[in-house]
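Following: one structure in structure tokens, then a few remarks.
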Amino acid sequence: MKNILKVFNTTILALIIIIATFSNSANAADSGTLNYEVYKYNTNDTSIANDYFNKPAKYIKKNGKLYVQITVNHSHWITGMSIEGHKENIISKNTAKDERTSEFEVSKLNGKVDGKIDVYIDEKVNGKPFKYDHHYNITYKFNGPTDVAGANAPGKDDKNSASGSDKGSDGATTGQSESNSSNKDKVENPQTNAGTPAYIYAIPVASLALLIAITLFVRKKSKGNVE
């Protein structure tokens, strides 16, 4: 009887370790950090606005969708942002550092995605009065993993509402006027949803079945010993 109980306890402990290990592996695969750059719209040229975006960003997959969490400095200058038509969801603010972290739904974590930015400045910059109010397109270049897929589709935020694009000059920092952009945001097709591997869900089921079988076996043995 003692030997049976030892086997039973060892098996239970092993199952707990296995389930915890695979659960942690699944969670680790669905979140992490990614480096990125902010480009002038539809180019490979780094935007001066890139300096106002802290690196790296964080990504997370939840409910089959991909999200990135981006932190900006000079937060009070940047009055609005969107990526692939999805408006920002502000999740935290740091008034002392003038920073905020916003979450965006995205279609992928690696490659270019289009975004929009609203900038309003009415204060002294480098000791001189400066006023600037503009809305323009930018391009994010994500350098994240390619094996984390989501079922995201681009949002339907008014794609033609931007009054200009950050292509050739950086209005947010130079104050130069920019020509109106008639180009629609070009959004690449989202990746198909690979989903979480099936074995992640099968492991707890198999473990439960094994636990039930062992329990019945132990009870049967115990009953036999009593009789």
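Heads up, the Cβ atoms here are built off N, Cα and C, so glycines get one too.
As stated in Swiss-Prot, the feature motif 'NPQTN sorting signal' covers range 189-193 out of the listed 94-98, 99-103, 184-188, 189-193. The average pLDDT for the motif 'NPQTN sorting signal' (189-193) in the predicted structure is 35. Each of the binding-site residues Y132, Y136 was scored by the other Cβ atoms within 10 Å of its Cβ; the lowest score goes to Y132. Summarising the environment of I48 (heme binding site), the number of other Cβ atoms within 10 Å of its Cβ, over all protein chains shown, is 16.
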